[in-house]
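Participant: Below is one structure. I have some questions about it.
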Amino acid sequence: MVNSKIQAGEENLLHVYNRFPIALDHGEGMYVYDTDGKEYLDFAAGFAVTGLGYNHKEFNETLKEQIDKIYHISNLYYHENCGDAARALNQASGMDRVFFTNSGSEANEGALKSARRYAYTKQTGRYEFIAMENSFHGRSFGSVSVTGHDSYREPFEPVVPGVHFAKFNDLESVKALVNDKTCAIILEPLQGEGGINLATQEFMEGIRQICDENDVLMICDEIQCGMGRTGTMFAWQGFGVKPDIITMAKAIGNGIPVGAFAMTKKVAEYSLKPGDHGATYGGNPLACTAVKKVLEIFEKERILDHINKVSPYLTKRMDELVAKWDCIVQRKGKGLMQGLQFSIPVSEINKKTVEEGLLLIQAEGNVIRFVPPLILEEKHIDEMIEKLERVLTDSD
Ligand SMILES: *Cc1c(COP(=O)(O)O)cnc(C)c1O
């Protein structure tokens, strides 16, 4: 099952990814097509990125027009779409000041630096971070330093010092690590790579309380779980627990490389100042046009309402799978960010679903992750279940 175009230049790429043996050519809505024309139903969205699906006409046209006008100017100048994107993103995320980056890792770098800068201005002497086991925050030095998997950090040690790991959803383990050096606590309200683990209400509230009592900043990494995926624009809103700093990326640009970190006014007042931080490409007119347009389309097409309408059906169909198949242990997650935990190795299943024309992604702990474009309909869920069950029947 090797499609014809995959050899092109393959050995020239640094081998850091285990790719599936297909070369994709184009996409339409919920589907992508390989160079032989074979169709794949996409429940991966390029790692929860292409929320609007593929070939969204209005989105594409807007980007094409922007490319013909101007797409890079540097951050020495203003561009109208950047102000518009910043305003719309702050409105959606509940934050007050935003900085645009090129990726999620870079957004987390900025968030960590912002927290250190806040402590520096206030001369609190605080510099340590508390992060969670099983977390994923990226591959750059700062972001990998707060990533709660030993295997991601060990080959690169020494990483950024002063990071301690608590158990996710175990408030006592967090409290045990807080001291007068603690600068910030970083967590994903819904862990993605770590196996689709949803924070409890009590955990989110407890973290907020610890932060308030100790002048510690709460950083929510909403790079994967943000932008509507859990049924609210950002996952924190589902808990009603507002962080001090949020990091975003993935779906905010629908595939145009853009990320952001944003903070409340209260934090910004003491945090990064001119000259403290920057990014040559960060928030260029093309990236900002993408963010602005994605948020406009969210409103216009009532994407959030759609997510809340369609996700109970996904939950229902997945619960049926759990009841029916002995090899499925449980369903995890929320909204359109869900996982199935298996008792058998998932890499084989994942390989076979791709052959069957269904794209899925694995997560830690024998979990298969379902993060489809947010525009999916019930018929796509039925088609996904059908394809997955065909694979499970053959594997039995
Ligand atoms: C993907 C992801 C990142 C890293 O984003 P990149 O754009 O790959 O650097 C960070 N945090 C979370 C929660 C993610 O899912």
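Just so you know, glycine gets a Cβ as well, placed from its N, Cα and C.
What TrEMBL records for this protein is below:
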- Phe136, Asp221, Glu222, Ile223, Gln224, Thr280: pyridoxal 5'-phosphate binding site (BINDING)
- Arg139: N(2)-acetyl-L-ornithine binding site (BINDING)
- Lys250: N6-(pyridoxal phosphate)lysine (MOD_RES)
Participant: Look at each of the recorded positions, Arg139, Lys250, and point out the one with the fewest other Cβ atoms around it within 10 Å.
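Facilitator: Among the recorded positions Arg139, Lys250, the sparsest Cβ neighbourhood within 10 Å belongs to Arg139.
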Participant: Got a sec? Which of Phe136, Asp221, Glu222, Thr280, the binding-site residues, have CB under 6 Å of any ligand 1 atom?
Facilitator: Phe136, Asp221
Participant: Measuring Cα to Cα, how many angstrom lie between Ile223 (pyridoxal 5'-phosphate binding site) and Arg139 (N(2)-acetyl-L-ornithine binding site)?
Facilitator: 14
Participant: According to DSSP, does Gln224 (pyridoxal 5'-phosphate binding site) fall in a helix, a strand, or coil?
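Facilitator: Coil, per DSSP.
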Participant: Around Phe136 (pyridoxal 5'-phosphate binding site), how many other CB atoms lie within 10 A of its CB?
Facilitator: 26
Participant: When DSSP states are folded down to helix, strand and coil, where does Arg139 (N(2)-acetyl-L-ornithine binding site) land?
Facilitator: coil
Participant: Look up Thr280 (pyridoxal 5'-phosphate binding site) in the DSSP assignment and report helix, strand or coil.
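Facilitator: In three-state terms, Thr280 (pyridoxal 5'-phosphate binding site) counts as coil.
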Participant: Gln224, Thr280: which of these binding-site residues has the sparsest Cβ neighbourhood within 10 Å?
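Facilitator: Result for the binding-site residues Gln224, Thr280: minimum number of other Cβ atoms within 10 Å at Thr280.
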Participant: Would you mind checking how many other C-beta atoms are within 10 angstroms of the C-beta on Ile223 (pyridoxal 5'-phosphate binding site)?
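Facilitator: Result for Ile223 (pyridoxal 5'-phosphate binding site): 31 other Cβ atoms within 10 Å.
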Participant: Within 10 Å of the Cβ of Glu222 (pyridoxal 5'-phosphate binding site), how many other Cβ atoms can you find? Include all protein chains, please.
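Facilitator: For Glu222 (pyridoxal 5'-phosphate binding site), the 10 Å Cβ neighbour count is 31.
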Participant: Sequence gap of 6 or more, C-beta under 8 Å: which same-chain residues meet both conditions with respect to Asp221 (pyridoxal 5'-phosphate binding site)?
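Facilitator: Looking at Cβ-Cβ distances below 8 Å from Asp221 (pyridoxal 5'-phosphate binding site), excluding near sequence neighbours, one finds Gly104, Asn108, Ala111, Ser135, His137, Ile186, Leu187, Glu188, Thr247.
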